[in-house]
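Working notes, beginning with the structure itself.
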Amino acid sequence: GVLVPEMEAAASPSAVSSSPTPIRQLPPTAAAQQLDELLADLGHMQSKLLGQGAGVPVETSLDNMLGSLTRDLQELGITATPMGICAGCRKPIAGKVLTALGKTWHPEHFTCARCGQGLDNQPFFEQGGRAFCEEDYHQAFSPRCAYCAGPIREKVLTALDQTWHPEHFFCAHCGKMFGDEGFLERSGKPYCHQDFLALFAPKCQGCERPVTDNYLSALQGVWHPECFVCTECLSSFAGSSFFELEGRPYCELHFHQRQGTVCQGCGRPVTGRCITAAGRKYHPEHFICTYCLGRLQKGTFREWGDKMYCQACHDKLFV
């Protein structure tokens, strides 16, 4: 502590006192407290000078007062040793000293490097040898959430080469948090399995549900194997060929039925030579008289009740 004498009168060196008062030494702690109070008073005086707009610069006036105080103490046999050099103002520290970042500071000069807020009575963060208040540190240096763009102050989740608040990492479509099944990515966004398949998986041409496993590729689309069947009778093709009509698959029989190319005589598809009569198609060997079963020739048959007859049988039966 610093010893500060108590005197009844502040006499000049040439003045003579008729009854000198003995100098009484105070306990070190009390002396240090008085010196701190004196420095605080000087600080108040600095504020007043600022308000009055004094002609002498405040900094020079304050330095003069501190110099005068030091000389007066030295004349009384008291040496005020500086506690260090303030890293903020580069001047000696004679009162309270604050130690931080490996340096010493006047408490009022230890401030946030960004907003100037005093840090002597609150937590601070260090970056590049400079001190920051909590808010400015997070705004300037904390990683940003890919969802809300806000600084991540506590727990950080890293995924898709980005950082996230844990509570903001959820399905981009339905908003649900991801469970044990994890997530799937599309265009830098995470999706739950259900939404990913519904949104992006190819759809079966038969049932329009997503195709995720085994599939068939046909008719410019994909199909579940169990969905690739005849559109008419729903029978599978079992490795045999299929026929396309208006983008849908058909077995041979129903394809020809739809096309109108089924033999009126035997009911089977007509794939080779064909005879067309009365708007119906026949295998040549099945274009026969209904009564005598003789082969008919175009232009020499007669129709009766949707059936074909040769001229002779027609005349015999109906004329």
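Every residue, even glycine, has its Cβ placed from backbone N, Cα and C.
Annotations in TrEMBL come from automatic prediction, not curation.
What you are looking at is a predicted structure, and each value in this text was computed from that prediction instead of being measured.
What TrEMBL records for this protein:
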type     : residues : note
REGION   : 1-25     : region 'Disordered'
COMPBIAS : 9-20     : compositional bias 'Low complexity'
DOMAIN   : 84-143   : domain 'LIM zinc-binding'
DOMAIN   : 144-201  : domain 'LIM zinc-binding'
DOMAIN   : 202-261  : domain 'LIM zinc-binding'
DOMAIN   : 262-319  : domain 'LIM zinc-binding'
Sort the residues of the domain 'LIM zinc-binding' (262-319) into helix, strand and coil with DSSP and give the three counts.
11 helix, 19 strand, 28 coil
So, by DSSP, how many helix, strand and coil residues make up the domain 'LIM zinc-binding' (84-143)?
11 helix, 17 strand, 32 coil
